[in-house]
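What follows is a set of notes on a single structure, which appears directly below.
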Amino acid sequence: MQQNVMADNVNDAQPQAQDDSTTNTTKTGKGKKAKKEAHPMVSYTQLFRYIKPWDYVLFVSALIAALLQSLVYPIAIVVYSELVAMFIDRTLGQGTSSITIGLSLFGGGKVLTNATYEENMEELRKDSISFGILMTLNTLLMLFSGMYYVDAFNRLALRLTVRMRREFFKATLRQEIGWHDMAKDQNFAVRITDNMEKIRSGIAENLGHYMEILCEVLISVVLSFVYGWKLALSIVFYIPLTLVVNAAVAHYQGKLTAEEQSSYVRASSVVEEVIGAIRTVVAFGGEKTESVRYDNLLKPALKAGKWKGAFSGLSDTVMKAMMFITGAGAFWYGANLILFYRDPAIPIEDREYTPAVVMIVISGIIVSANQISRTSPFLETFAMARGSAAAIFEVIDRRSRIDPLSKAGKILNYGLKGAVEFRDVFFRYPAREDVIVLRGLNVIVEEGQTVAFVGPSGCGKSTCIQLLQRFYDPIFGQVLLDGEDVRKYNIQWLRSNIAVVGQEPVLFQGSIGENIRHGKPEATQKEVEDAAKAANAHDFIVALHKGYDTNISEKGVQLSGGQRQRIAIARALIQQPKILLLDEATSALDYHSEKLVQDALDKACKGRTTLVVSHRLSAIRHAHRIVYIEAGKAVEQGTHEELMKMEGFYHKMVTVHSYDDSAEELLNEMEEVAASPKKERKISSYNMEAASQEQFQMKRLNGDAPQNSTQEDVETEDPATSGNYIRTFFRIVVSARPEWSFLIIGAICAGIFGLTMPVFSIVLAELYGSLAKPTDEEVLDQSSSMAIISLVIGIAAGIVCFIQTFFFNLAGVWLTMRMRSKTFSSIMHQEMGWFDRKDNSIGALSARLSGDAASVQGAIGFPLSNIIQALTNFICSIAIAFPYSWELALICLSTAPFMIASIVFEARFGEKSALKEKDVLEETSRIATETIAQIRTVAGLRREEALIQIYDKEVERYRVQILHRLKWRGLVNSLGKSLMFFGYAVTLTYGGHMCADGKIKFETIMKISNTMLYGLFILAQSLAFTPAFNAALLSANRMYEIIDRKPQIQSPDPAIGSLLQNGNGSLHKTNVGAQQGVCYRGLQFAYPSRPHLKVLQDFNLDIQQGQTVALVGASGSGKSTCVQLLLRYYDPNEGKILIDQESIHQDMELKTLRRRLGLVSQEPSLFEKSIAENIGYGDTTRKIPMQQIIDAAKMANAHEFIMSLPAQYDTVLGSKGTQLSGGQKQRIAIARAMVRNPKILLLDEATSALDFQSERVSIYHPNNNFPDTFVLSLSLRWCNRPSIPLAADALAL
């Protein structure tokens, strides 16, 4: 039986990445293309590229420790075989059959001839004591060498991957913007978490275990051939068979793993995209569409997972079946060889085959083959590490064409003057090489001049600004700065002289003061406040008791668009740049703020070169020169007056817009009215409301404000993460109900397989016992019978092994897919307030979904089948051992409490550390994801170095946390195996004395020790999987926490609705005869995170059907709150909102409500789909005919630019639509709303990025776009452009 124990006792050293086979990696490629492309891998030695001199010491010493550990098993085989031979020889009483090597070291193994029974038994006692001493020493060797190499390899792997994480993050930041545009399936959260963990797993303790196995195999095979080459040669075929099967399985599994990982990466990209644009998804009812898209991307992974299970089952079947079959044949042949050399006439030293020799040869070969079979998971882990590293190193090794961290390039000591020239510039974006954006642009900007770029959306205005910042280089021509090509300047220095305020301002998580200081990190508080005052942001900031120390969340979503833009302007002004670039810098500001900020910008422009891109005449009419760009060329240049006289493109643009000063005067008058305290109560009450909203808008960010809501969320979630694991496990089993048939069959087969080893132990003990029979006939008869039984066991084991492996895997992949799908669906249905929390950032949720879902498979996959096997094995072992000898059985059990306690300790300790580790990993993922998502802003602000330092700090936290978790790993890992060896020492020493005393037969000792100790070992091995099993349950808890969370905003309960129906309709309907429309009635509202700060107080507003109403007011005055309440992103604390006299809270389902609404946002979110699919997204309840999509595009004035693209409506947009200009994106968003044919149209600065012509055509008169439908054409425009309020039927302040 020893060979079986030897064959299996590295099970607890199996790679911990087994259940990671379903996690994401960086392999890319789509559809059929992915299958054809070879998935690149780096050489294994490349994984150690960041090793340092001291690390070599650790590495070499760890290898030596692994080599020492590899001696443990061959020593155990020799000593155990010698003891068994002594049992046979002393019992048979025919003298000693062979000379011993090990036992003789401590007084055992004495050669006897014609000795009495008493003498034989006395020597047997000495043999047992010698065995006990040797096995105890062997145990200590295993304990200390195992402890050292496991800890050493784990520490080394951690050091290397920490360096790799830092280098990868740094290398990603070094890449030019064009590379980021081109990066497909670059799910950064996955690369920085899952892939790095796979690399760590591939070079950590798994490498030590693998090296130990290889050395063991080599030593065992050599040992077998040295002792008995004939017998070894007859069964050595088992080793090449194992190698061939392993190689074939590994080859196909590698391909399947690559397909599976590629599928998961694409699915994760969808998760990031959807969570990032969750407001758009919810507004257009796209939850089901996105869920289907996500599920479809998971299908290739499901298919690959099924086949992986089949190959794993095949591999296990061959290995397990052949072990029994080869063992049976080898013992039968070995028995014949022993009988041949048993002749007393043959001297002891000439006897080639004795029971000890046969045991050593057979154990050596079978152990070697089984150890080789154990290598496949290690090889898979190494392959995954190499594959993951390929994508990582590809980025690290790529030389950036425009490296922002490069020290090369000119730096002018005397400073930059600011003369800019675009000389014959041709340019196309790397991601869209078929579209030429600039076609020979020639523009000269004198030092200190303000030059405005105007023209239709998509003509290349913003491109000029990006070329000047050197985000891209022109394909032909030059961009000159002070007469020198910008390519000759140092990039950091160049960008330090340029400040940018973009159309979609990006803020980072942190305080307001920190965000402003990003423009000038060493700025004093006074400089920060001066910049804020100049940007008209100081007043709303100081309204907070934390003032500039107020924290804002990811992307600054808790601020209004205007407030974000003012902070971005303050960030630009604090830089005191030589060149100021304003790309629609005031598009999100109210008229009053714009006037103040525009004045500040006008002042800031003095003495510095300024390039302005804007559609607002107020921002461009006073420029020194206006350049009109058409189709990538400058067709007109001059002052406002000169261009108006020319009556060309510019004149047409201005006159089409019907722009005159009356609009400005009207809005100016409205601002003054709103500001006057002497006006009627209605207006003054509004103004107080607006002021309180302005104050609230930032006060709700205060860290010291009551955290009732947040606290409640935390309280409800904490128990879930450390909940009842038994309950969680049963819930997982219930979740797997569709696979119950697979699980039941798999569990039965696992149980049967658990019985095979105890039965085989009895068979082997009988084989040993047959060698003690006095006649050759009896020996051959019994050995033949046992060999046949062993053959039957082998065939049965092979069949049940395949079934249990395949079925458990099948249930696991189905469950994982469903859990992923359910969790993703549940995430999409949460209310907006949930996404505003820091721990629910895009990166954190994406990392959680990919990591946790992968872990869950371990709950009903490989670990569960192992646990079932272990339990049946242990129960069967006890049932066999105790009837034979309860005394010896109890001795066997003496080491069990220590073995189990050590592994349970690690599981509990690891569980707590794993929770903290996940939190740290999510934070590093958040920083990385936020940085890469906002790479243009990061590059423009030269924040690369600062972000690298921030990331390094988080990675250091991660390193400390992992070290904390691993500190007991080496001890527990070695203790579990060592105690089993010590158990053999105690049991066989005591058993030898019992046998010598005549209390028990030696065959019985073999049966008890092999069944009990092997059963204990398998139980300990299954407990070694408890970290994976616990991780699975922990992950399941985290997923169920999301799945179970009931959104605070849901559709009304139909049952309650039917009770409220009172024959005449809804209880909530009032004034049924009144004119229909939208009514806000007595609204009291405070955001859930700050319940004590009221945003709306007794808010009332009536909008009649068919009316166009414009909401105007200061930025942050709460205009957006009205619309968010109408969309039911939030619900009011008191009051109600009625549509056509129906309460949207009690009478309408969310789908019905949002189906009536069409939203066009200021910063539209587009998806990585074709333009046609993006427009069709407006109505996800049906397939939109192509003609309707084209009609909507024409209404939005988008048709012409779409048709100018090579792929036209089939053009696939990049992530977030970054390949389009702001105006083009907004026109597609308008077309998307048009397709919806909404009853209520909500326009949030819907034309801020449009040129005047497009704006006029698109929605200048929204009512006219739906002439034939029964519509409630409500346009809630919280807008700042004068033309829009003038077109409205009514204004609301």
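Every residue gets a Cβ built from N, Cα and C, even glycine.
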Among the residue ranges 233-252, 353-372, I'd like the one that TrEMBL describes as transmembrane segment. 353-372
Annotated stretch (transmembrane segment, per TrEMBL) among the listed ranges 377-398, 531-552, 971-992, 1191-1212: 971-992
Under an 8 Å Cβ to Cβ limit, what residues of the same chain, 6 or more beyond the ends of the transmembrane segment (785-815), are close to it? 22, 301-302, 305-306, 308-310, 312-314, 316-318, 320-325, 327-329, 331-332, 732, 735-736, 738-739, 742-743, 745-747, 749-750, 752-753, 756, 759-760, 763-764, 766-767, 770, 856-862, 864-865
For the transmembrane segment (321-341) and the transmembrane segment (129-150), decide whether they are in contact, meaning at least 3 CB pairs lie under 8 A, counting pairs 6 or more apart in sequence. no
Model confidence over the domain 'ABC transporter' (420-656) (mean pLDDT, whole number): 82
Contacting positions for the transmembrane segment (129-150) when only residues 6+ beyond its ends and CB under 8 Å are counted: 61-63, 65-66, 68-69, 71-72, 75-76, 79-80, 82-83, 102-109, 205, 208, 212, 969-971, 973-975, 977-979, 981-982, 984-986, 988-989, 992
Who are the chain neighbours of the transmembrane segment (353-372) in space, where the CB to CB distance is under 8 Å and they lie at least 6 residues beyond its ends? 2-4, 6-8, 10, 73-74, 77-78, 80-82, 84-85, 88-89, 97-98, 100, 213, 216-217, 220-221, 223-224, 227-228, 230-232, 235-236, 238-239, 241-243, 246, 319, 322-323, 326-327, 330-331, 334-335, 337-338, 340-341, 768, 771
